[in-house]
Structures are given as C-alpha cells and as structure tokens.
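Trainee: Below is the structure I would like to discuss, written out as structure tokens.
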Amino acid sequence: MTAILTQEKSDQANADKKNIKKSPTERPPFTLSQIKKSIPPHCFNRSAFRSFSYVLQDLLMCSILSYLAVAWIPSIPSSFQYASWVLYWAAQGSVLAGVWILGHECGHHAFSDYSLLDDLVGLLLHSALLVPYFSFKYSHRRHHSNTGSLERDEVYVPKRKFDIPWYYKYIYNNPLGRLLSLTIQLTLGWTLYLAFNVSGRQYQRYACHYNPYSPIYSDSERADIFISDACLLAAAFALYCLASSFGFWWLIRVYGVPLLVENCCIVCLSYLQHTHPSLPHYDSTEWDWLRGALSTVDRDYRFFNKVFHNSTDTHVVHHLFPTIPHYHAMEATKAIKPILGKYYQFDGTPVFEAIWREAKECIYVEQDNCSVGSKKTRGVFWYNNRF
C-alpha cells in the first residue's frame, strides 16, 4: 500500500511538472534593439519629481505607522496590543520593502536623470535600512550583467547535482526540513548574503559586501564601499542613541521586527523572481546575455504589487531595461509581451503556494541532454529534485 501511495504521489508530481511550460532555450528570433523599439519612448523617461513623490509617499506611511506604534498601541487594552503589534510589524515591514525597492531603483539610475542625485537618495534610503548601498549596487549590477550564468551570476546561483551536500536529501525531502530551510532563508538570508555571500557566486576567497577589498569589487569601486560602510556606522550610532533613550526592546518592537519583515519580503521577491521550474540556467558554452536576462519570471502579489512598486510583476522588463522607472514598467511590460511571446514567463500562483513549490522542486540543476533540432543543448541546465 505504501508503495502504491508513493507511486501515486510521484505520478502527481510528474503531472504537475508537465503542466509547467519550460522557457525556450534557443537563441531568440528577436534582438534587444527590436524589443526596445516595441516600448513607447516615454517609458524610458525618468522624473525626479515623480520619483520623489513615491519616496515621500512611503516615508509618510512609515511615519504614520511609527506614530501608531509609539503613541496608540501602548494606550489600547493589553488584550488587543499583541494583535496590533503583529499588524504593525507586517504593515511597516511591507512599506519598508517598498523603500528598499526605491533605493534599488536609484542604484540602477532609474530614479532621475542625475546619477549623483540617484546615489545620494539611494545611499540615504538603504543606509536607513542597514543596507550597504554602493556594495549592493555594484554586485547587483554584475548580477544583471550575468543573469542565468552558472559561473558568473552573483546571486541565486543554483548548485549542480554533483555539488549538493549529502544532507540535502534529508532536508528537502520532507516538509519539516523544507519549512526549517525556508524559515532560515527568509529571516536570515539577506544578512547571510551580504556578510558571507551565501547563495552567491563562488570566489577563490572570502567574499563579503562590507569588505572594500572583497573579490566582488574592482579597485575603482573600493572607495565607494568605504562610504557605504561609514553610512552604516552612522545609522548604527543613530540606532544606539534611540536604544539609549527609549530602551533596547522599544527599538526592537518599533524598528527591529519591521526590518526583519522587510528583509523577508526582499528575499521572497528576489527568490521567486529567479527560481522557477520553467527557468533555465546556462554554463559558459551556452550562455548569452539576452537569454540570461529572459531567465526570470514575473509574479502576481495582488494588493502588494503596488506596495512593492510593481517590482513583482515587471521583473522581466527590469532585467532587459533596468533604467526604466517602476511607474512606467507596467506599460513597458505590456508592450514587450507580443514580441517576447513564449520567451516571456509569468506565474500567478499564490505566493505561499509558489514559494513552497519552488523550495520542493528547485533543489539543484542538472544538464539537459535533449536535442534542439540537430544541436545538443548540454550547456543548458534545469531545476530538479530527484536524489
């Protein structure tokens, strides 16, 4: 009976996989220039005034929520305070994720026509969230230059089957193990990536976003890394002053937990944008920039699409043209869909269902030994979970 049930589960899993249409891996019949021509020219226009309006909108919401946390929640009956704090943490963390995304947009020079202004705004926004702005800007730029490359991509680089540790099958083959792994990934993943380059590209020596002499950076970038670190120290000192004035646990409730929620949101967003059974990865024999940039997927977060400034459902066009501001990205996405055709990937699976499925199905990548016409696609790799 157990064998029959196991076989039925396996058959159902295989059926589910068959319902997922894999992205084409042949070289596209269109060029980047042709894609760009399909987008209305005004979508490439950046407005400092309009961009600042979104910054002010998010900061105003953060201020209102902070006021409620400081002045209102402590005044209500204690039986309602616990639920109120949870709602505050969820709301404030989500809004802070929107602030993070605006800082990320500055790093792509999509905020305004002035790179100095972009860097100044991005530095302030990200430092307030304890993000090393320039450090992330430069590593993220390399991610955009090498998306989908197993050798050179900077983040969410999947392991090949022969590289996975022996204990993976005990973690990912059971629900409790997957839940534990996801919990660690969502809560600590962002910090581990910045500090230890976890899930990032393999370097010959220790790679860290806080180290100006990390192998991630070139000599011309190191001075900016020092600036990022100095701003983080200034932010840390400001937090120390707040803790000294109002108490450590006050700071944790008002700032620390929302920051943790914000980190969870960013990890969830980026993980689901780059992890999907339909997305290929390429080794150096097969990779090229356009196919790599197309190895991303748009998702639907419903109401939170707007909270996250549509970074959720416009990620494909963002990888093709990262200087398009978020407020034009929806129109640009609609414009490129006809020309991309089957190369455009979208999945509307609810977020919690999607992240659980990806954690189950996308454990490692293995080589594709199928043929495309008369050509072997041995440089193409697909996610798998068979141990």
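From the backbone N, Cα and C atoms, a Cβ is placed for every residue, glycine too.
Just lifted these from TrEMBL, have a look:
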REGION    1-28  region 'Disordered'
COMPBIAS  8-18  compositional bias 'Basic and acidic residues'
DOMAIN    10-61  domain 'Fatty acid desaturase N-terminal'
TRANSMEM  54-73  transmembrane segment
DOMAIN    84-345  domain 'Fatty acid desaturase'
TRANSMEM  85-103  transmembrane segment
TRANSMEM  115-136  transmembrane segment
TRANSMEM  176-196  transmembrane segment
TRANSMEM  230-252  transmembrane segment
Trainee: Can you say which of 54-73, 85-103, 115-136, 176-196 has the most Cβ pairs under 8 Å with the transmembrane segment (230-252)?
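Mentor: Answer is 115-136, with the largest number of Cβ pairs below 8 Å.
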Trainee: Is it possible to list how many residues within the domain 'Fatty acid desaturase N-terminal' (10-61) are helical, extended or coil according to DSSP?
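Mentor: For that range the per-state counts are 34 helix, 0 strand, 18 coil.
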Trainee: State the non-local partners of the transmembrane segment (85-103) in its own chain: residues 6+ outside its ends, Cβ under 8 Å from one of its Cβ atoms.
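Mentor: Apart from its flanks, the transmembrane segment (85-103) reaches 51, 54-55, 58-59, 61-62, 65-66, 68-69, 73, 111, 121-122, 125-126, 128-129, 131, 133, 253, 257-262, 264-266, 269, 304, 307-309, 311, 326.
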